[in-house]
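Asker: I have a structure I would like to understand better, so I am pasting it below and will then ask my questions one at a time.
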Amino acid sequence: CDRRFSRSDELTRHIRIHTGQKPFQCRICMRNFSRSDHLTTHIRTHTGEKPFACDICGRKFARSDERKRHTKIHLRQKDKKVEKAASVSTTSSPVAAYSSSVATSYSSSIATTYPSPVRTVYSSPASSSYPSPAHTAFPSPSIATTYPSGTATFQTQVATSFPSPAVTNNFSSQVTSALSDMTSTFSPRTIEIC
C-alpha cells in the first residue's frame, strides 16, 4: 500500500498486517499476536492480574479501556442525580425554569472532564408564567398603563383608519365590550398579544 510512516517501528508493525506475521506467542496457550502489548494484555487473562482500578468504587480491570467504560457508569449515575436535583430546584423557582444547560465536571485521576447537560425544565402550559392583574409585585405593561384610555385610543384609530361611519360604529361598540371582557378575564400579557 502507499501508506507512509515517520517511525520505522510503525512501518514494521504495519507490514505485519499485510504479511499476517504474529511473532509474539503466549507460552501458556500458544496463541500468537502481532503486537507485544496485545500479548501483555492477553497474559493477564491467565494470571488474573488487574492493574487498573476504578477511582470511585475500587473495582479492578485487566485493561484500561475496560476501566474507562466502567467509569462512565458512575458518571451516568452522577448525571441522573444532578438532573433530579435540578428538576427539584427548578420547580420551586420560576426564574430557574428558563435556565440554560449547565456543564458539570467530575474530577478524577483520569484527568478528563465530562460535560453533563442538565435538562431544561419548562412550566406546563396550564399554569401561566405571566403575572396576573392581581399581582402587583411583577409590574407588566398593560393596555391601561401603556395607553391612558385604551378603548378611546382604539376607537379613534378605527375611526381614522376607516372613514365609513358604519364600519366605525360596528367596530367601536364590539371592541369596547370585548376589551372590558378581556380586562376582567385575561392577564395584561394576553391582552397585549390580542
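Cβ coordinates come from backbone N, Cα and C, glycine included.
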Asker: Swiss-Prot tags one of 24-46, 162-184 as zinc finger - which one?
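Answerer: It is 24-46 that Swiss-Prot annotates as zinc finger.
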Asker: Going by C-alpha positions, which of the recorded sites (R31, R35, R59) is nearest R7 (site 'Interaction with DNA')?
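Answerer: Minimum Cα distance from R7 (site 'Interaction with DNA') across R31, R35, R59 lands on R35.
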Asker: What count of other C-beta atoms do you get within 10 angstroms of the C-beta of R63 (site 'Interaction with DNA'), across all chains shown?
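Answerer: I count 14 other Cβ atoms within 10 Å of it.
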Asker: Which of these recorded sites is closest to R13 (site 'Interaction with DNA') if you go by CA atoms: R3, R31, R35, R63, R69?
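Answerer: Nearest candidate: R35.
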Asker: Neighbour count, 10 Å Cβ-Cβ cut-off, for R7 (site 'Interaction with DNA'): what number do you get?
Answerer: 8
Asker: Please name which of the recorded sites listed here, R31, R35, R63, R69, is nearest in space to R3 (site 'Interaction with DNA'), Cα against Cα.
Answerer: R35
